[in-house]
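Asker: Annotation source Swiss-Prot lists Mg(2+) binding site at ASP8, GLU58, citing sequence analysis.
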Amino acid sequence: MIIGHGIDLQEISAVEKAYKRQPRFAQKVLTQKEFDIFEAYKGKRQISYLAGRWSAKEAFAKAMGTGIGNLSFQDIEVLSDEKGKPFINRSPFTGKAWISISHSGDFVQSSVILEEEK
């Protein structure tokens, strides 16, 4: 049974500005595994990755019904499988979490559906 659905739309350039103002922004948003991947990217791909993880975590918090204020960005880890499909590797939710991250131009959109396991 679906118990939550969260959607987030994020302007990539806004995340880039935040990162340029405060480079530790990436370490606040990303887990260590995510940060290692982030550091392997360069330029626009690096910022796009950071914005995607930010958006995904915001969408997850909305699906939980709590907003990010009651969660830490470190509580949620979003990785990708060998084909590039994102998945939630770690979170406080014990059921199944479905995630989609889409980039287009200066925007990234994420959708998270939380499903209670029977």
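Using N, Cα and C of the backbone, Cβ positions are placed for all residues, glycine too.
Quick one: how deep are these features, and who are their neighbours?
Answerer: Non-local neighbourhood of ASP8 (Mg(2+) binding site): SER55, ALA56, GLU58, ALA59, LYS62, GLN109, SER110, each in the same chain, at least six residues away, with C-beta under 8 Å from its C-beta. DSSP assigns ASP8 (Mg(2+) binding site) to a strand in the three-state reduction.
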